[in-house]
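Worksheet for the structure shown next.
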């Protein structure tokens, strides 16, 4: 057995490997070259000398003194020869690596720092100084103790290489190893060695031991910053650092970093990096992030990270309300929000931003509390617009020539003011009536569009229902739930008294229904020819609801019984879509499709391709998530051209290829609803709620949307459910208050010449009342040259919304694992870039920092990677569920999207005894951690689409009997299954 060499790692100490040649700094000057000179770099045999030279092979037996010398309580024996760095030595004395005093501690050889004395050809860095020298060549007389007889001290800035600030031959050492004796307490040490690669934000040692996660604390004040500004501090406000924020338009000078991790137990991260950020693959960035230490300090009793101190988004989405303080004339952020509410002044800033530069638009969002969107009718003057860029008049337009001209804020063109719109100006050049005109004082306004904005008379709101009546729909109870829900919503349908309604049922044949107002009962006509579909009646298939109300109600009452004996298992969805197009083509409207089985007959039939486990992890994986038959995309294009939006309700207990059916909703501005293994007793209430919301929410019909922006920027990519009619015109047959859109922008110029960039969203649509209107949202953002200001004004909700849509689209052409890695890469690059802004100015060491505005971004990226649309592979989520989740992510506004990927968790058993009117105040949102779950508790998880009730194993039986009327003794043990599913 090999005898101990004296350098074995004590238990519990991390072991680091060695990465040759990684992030090597420039060689420091020779000792004595200046009063603050560093020690000479160690030699590397056969190659250039440098402080990161790899160790050489040991050519002879180890020095006997290293193994024979006993170890004192404050001394460390020299390390034996090894191929890489094996972690720090045991703790030193109060004065570091100085020679031990005579007495009981004199048996050990002179202690060493982590880069200290080793025999020749030993240690992690090759050749070492002679044994009589310190780690950096400073000779130590043997007769001196830590504060022994030494030459007279010369102060902390002594130029004598062998003296420290107290006259000692060896200066004190911190946890970061030996410091050259030529340096005072403010000297600059040579760049230390970096440990080996590790997992992102959760470093691991080469032995596989996982280190704790980072604890985010505020950095201590530095002398170069007499008035520090507080960043994010999860432990609560610190009275020593009062909050202070810079002006929105005035970038902070010498701003300290907001939040950072704790000091490392043994960090080799240089205080002043000598290299820039590596611009390589994810592995390269991970290797760089491995130097961020996340463990507690040596000798500390701190067990690690307190998860309660980590930032948690317990209040959901945080709208950037501070934007309105700097630009009070902007529209509310719930209508339009940028990923960062600043515009970079150059392409170089864009390349260092690393996160998407874009915006999220929610044109029909519900107005903030106490506000309404004002409606403006210009009358005979017509809508005031710029004659060159077609921008609508807005609060940022300026007036000149005594009010007879106005200057467009987007293209700077000077336009004439119509005589009917003229008003004099005050001394500051502002119109006297500006406060009385909403278009000049509000960021959001609606204009009544004149007749020139109409291609045809405004259409009436129309609803056409395409219902599958095959045996699976009958047995699941679908027909009964749909019929009762539609009947309950007839009084609340939009557009009364102009509303149009119609129905078509299908299985292996098509069933048309005549709703002529003179009939007492509807008439059903069956068309069995699926290859040549035709309409059996020219009229009365889509009728006015007011005129035929009694016939429609009679049909809904009889619908469940009409097909109760149906045993047909086939589905002719394709021919049914063509028939619906024939009925609605002249008017337009909304088509609601209820599908309970895979289309199997006629055009558009699909095969049972399902999930192929062999495809996952290969280049063919994404084929499962794209439409198999181009018929549905072609039909979507025809529907869009005729102003028909399609909503898909998939209620199958088997695979029904939502990837293909979803194309109908994707390109028509519709929505996909998925109910796996639908049963009316389980999913009936959910279907009733979502169908009622779909029929009664605010909707804009036959609409188009365009987003204009000022000089120097342009929108390049759009994400959502729409048909792109031109480079910047989005065709939306129907858009409602639950749909949002994302887009990315780029700079057209290398260097921006303007100080402010303006944006304007214009939605031209027909209201449910039959009026043609234009809803306009206007916003402004400053142009900045400071990258730190871009990060400080970042909007996490908008960033996650854009990233999520990009990830879903990338999953249609790439593997899921690659998509998740791309998200992580963007996060790592952005955090590293932000850290590089402050690592030199502030002695951060090995701690992770982030801007306060992005404190939740790592958590949301993790949640997004674990969402239904992106997580795992074959066995984690069924293919239909994954595709349905992807379609939902593409349309959700920022607030609902964040709640979807990071659901709300509430404990219910503690509020059951509270008065009903006090429940809202007593119900508190909990972090999604295992520590928050009590085995005796009752919890509710809400992601905006589904309620999940979690019952603790030790929950009181009386509580279950009172709430659900069931006994826990009759329930099987689902804990193992639940854990596997989670």
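Glycine residues also receive a Cβ, built from the backbone N, Cα and C atoms like all the rest.
Listed features, source TrEMBL:
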type: REGION; residues: 1-282; note: region 'Disordered'
type: COMPBIAS; residues: 15-46; note: compositional bias 'Low complexity'
type: COMPBIAS; residues: 55-83; note: compositional bias 'Low complexity'
type: COMPBIAS; residues: 87-113; note: compositional bias 'Pro residues'
type: COMPBIAS; residues: 114-126; note: compositional bias 'Low complexity'
type: COMPBIAS; residues: 134-148; note: compositional bias 'Low complexity'
type: COMPBIAS; residues: 188-198; note: compositional bias 'Pro residues'
type: COMPBIAS; residues: 236-245; note: compositional bias 'Pro residues'
type: DOMAIN; residues: 384-421; note: domain 'Zinc finger Sec23/Sec24-type'
type: DOMAIN; residues: 458-694; note: domain 'Sec23/Sec24 trunk'
type: DOMAIN; residues: 700-784; note: domain 'Sec23/Sec24 beta-sandwich'
type: DOMAIN; residues: 795-898; note: domain 'Sec23/Sec24 helical'
Same-chain residue ranges lying at least 6 outside the domain 'Zinc finger Sec23/Sec24-type' (384-421) that approach it to Cβ under 8 Å: 329, 378, 429-431, 439-443, 447, 708-711, 758, 760, 762, 774, 776, 778, 780
Local confidence of the prediction over the domain 'Sec23/Sec24 beta-sandwich' (700-784), expressed as mean pLDDT: 95
Helix, strand and coil totals (DSSP H, G, I; E, B; other) for the domain 'Zinc finger Sec23/Sec24-type' (384-421): 6 helix, 11 strand, 21 coil
Tally of residues which DSSP labels helix, strand or coil - the domain 'Sec23/Sec24 beta-sandwich' (700-784): 0 helix, 59 strand, 26 coil
